[in-house]
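Under the heading compositional bias 'Polar residues', TrEMBL lists 345-354. The domain 'Rhodopsin' annotation in TrEMBL covers 40-275. Residues or ranges marked as region 'Disordered' by TrEMBL: 323-361. Annotation comment: TrEMBL describes 23-44, 56-79, 99-121, 133-156, 176-200, 212-239, 251-275 as transmembrane segment.
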Amino acid sequence: MSAPPAGPPRSAEYLAANKGPQTLVFCVVFPTLAFLIVALRLYTRVRIVRSPSHEDFAIAVAMIFSIGNAVCQVVQVYNGMGRHKEAVTFDQVVASLKALYTSIIFYNFGLTLTKISILLQYLRIATEKPIRLFCWISIWFTVAVSIEALIAGILQCMPVAKFWDARIPGKCINTAALYYANAAINIVQDISLVVLPFFMLRSLIMPRKEKISLMIILGLGGIAAIASICRLHALYILTHTNDITWDNPGTAIWSAIELNIGILCASLPTLRAFFIRIWPKAFLSSYNSRRNNADTGNGTKGQYYNMEGSIMVKKTVAVQSTRDLGDEDQISSESSSQPGRVESSCVTASSQEELASWSKH
């Protein structure tokens, strides 16, 4: 970016205008909330449930990138983001654009790992082959899009320094088209991540009130989708402005909201064991009620799942004798009127592999 051109004198009010403080609120508060929830998630999975998994590692790394993105945004505010270009120095503009360039990388990595964590979590729940196939395709598609966004983001200007200093000879790609394409893909992915759980929840065995509560928690991902749409609008403004330091806060704010709401939505459903530890009477009664419903065959045909990894699947299996059922501690059943069949079997699996093994019988 070249030095701001000389223009008519600006009023003191114009030069004093500053969106920086309100930008800092969003860019600091949302990552802080996400960090606290992720910390509780990791504590729950490692110390209480003692069953950390790949999605926990993915969300932890995503949180690191979110913090990096927040640091870059703070640096941008310190160097004039939120103020008119006439009120900042050329060196401040360069420093702000360098931080923006770095934040793009952090944002893309953080968003990618958040989506992968959510999809891996869905794979722990899903037993239907079409849904599991969709999850795996989505994971690989997310990885492919991330690689594309990373390469295009890093090499959008050649040499790279031209991104923050237009005086340097070189060439930049059509950044507007790049930003719009990536933002549109993010919106589609966010919407699919919101819709997919509702198909999986149909087969869960739990009281309706609790199922609705879980739908609401997972549906919070809709906020991330809305943030993606708002961010697309902010990107449109940013790519058509002549006052980048003044118009950049919108993109920064919506990026922070989208990324950290995604992290929150990925982590909130995993905290049940933590709240059971804190308020056992309030949570254990509903848990036992669901467990009893599953054991007695009450409720709809499907599966009971809690985010700690325990899965109970209601299904009908054919056996030669009751000895084929194995240990009663693992499988409880009620015999039907038809010989050689068992109705409403309840299986407790500590992992998806155990569930898959049971499903083959």
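Each Cβ is built from the backbone N, Cα and C atoms, and glycine gets one as well.
Keep in mind that this is a model prediction, so the values were computed, not measured.
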For the domain 'Rhodopsin' (40-275), mean pLDDT (0 to 100): 90
The transmembrane segment (251-275) in contact with the transmembrane segment (23-44), cutoff 8 A, at least 3 CB pairs, sep 6+: yes
Spatial neighbours of the transmembrane segment (99-121) far in sequence, C-beta under 8 Å, 6+ residues away: 53-56, 58-59, 61-63, 65-66, 68-69, 72-73, 75-76, 79, 135, 138-139, 142-143, 145-146, 149-150, 153-154, 160, 163-164, 182, 186, 189, 193, 221, 248, 252, 255, 258-259, 262-263, 265-266, 269-270, 307
